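Asker: Got a structure here, written out as structure tokens. Questions coming.
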Amino acid sequence: MAALDGLPPLRDVIQRHGLDAKKALGQNFLLDLNLTQKIARTAGPIENHTVIEVGPGPGGLTRAILALGAKRVIAIERDARCLPALAEISDHYPGRLTVIEGDALKTDFEALAPGEPVRIIANLPYNVGTQLLVNWLLPKTWPPFWDSLTLMFQREVGLRIVAEENDDHYGRLGVLCGWRTDARMAFDVPPQAFTPPPKVTSSVVHLEPVANPLPCDVAALERVTHAAFGQRRKMLRQSVKSLGGEALLARAEIDAQRRAETLSVEEFVRLANALG
Ligand code: SAM
């Protein structure tokens, strides 16, 4: 499609720079600029924000974020082949795009734009997406350095992020996200929107930090959710046996006959705090 920002169509960019998609890097590119704009708009106002993007690839989403007026974009890309294409975008928007070649999993995100309001927007590589989200949910201090996360995942992962109790997708990720954020499903994206198309539907989720999450030790919360969901079909008296079983549940005032997926986030926090 014709680009609205005066830059060449993404298909030409990909061809000119020889950016054939590498599966190992989770490369499924979005070429539809209406869709990339929809993702960028989901983040909310960005004019006063520094936007951090993981995995810009040939730059479709990057271009949408810049065209929508982000003050500044810092993009972390592991594939050096993409850098010349991204340099063209940087030249088109002088002083607004910084590209860092590197592995997002090894990046100190808090140090990228200290003191500036930050939103994170990304069509994440599937193999590292969940780990990155967990890292962003567990910074040293809270509220975190970011004002929002607008992220594309496989739909299955998106459902786990927004899941609440009594939902089949509810698990450790849902508890963690429900504890520290307001997470919502924004919209689905079908496989054919990508080049090459992945096997499954994707979803964009949007998370904002809650100002005052219930006080709880992260490691304790991880231990109780790991134990409880490790045997999700069993009664809690069995699944959390190694952590204190019925005595622990009694201290948290939770019925030992219940199952993990019926506990609210608040009840998991109680359980973690009862662990001591
Ligand atoms: N943002 C582009 C788009 O929407 O079309 C590309 C998204 S593609 C799903 C994921 C991108 O993340 C690829 O460009 C890939 O090279 C990059 N990537 C993969 N692993 C990465 C990592 N560990 N750190 C940074 N970038 C990574």
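The count begins at 1 with the first shown residue.
Even glycines carry a Cβ here, placed using N, Cα and C.
The S-adenosyl-L-methionine binding site annotation in TrEMBL covers Asn28, Leu30, Gly55, Glu77, Asp103, Asn123. Residues or ranges marked as domain 'Ribosomal RNA adenine methylase transferase N-terminal' by TrEMBL: 35-211.
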Asker: Whole number in angstrom, please: the longest C-alpha to C-alpha distance across Asn28, Leu30, Gly55, Glu77, Asp103, Asn123 for S-adenosyl-L-methionine.
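Answerer: If we measure all Cα pairs in Asn28, Leu30, Gly55, Glu77, Asp103, Asn123, the largest is 21 Å.
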Asker: If you count other CB atoms within 10 A of each CB, which of Asn28, Asn123 wins among these binding-site residues?
Answerer: Asn123
Asker: If you average pLDDT over the domain 'Ribosomal RNA adenine methylase transferase N-terminal' (35-211), what do you get?
Answerer: 97
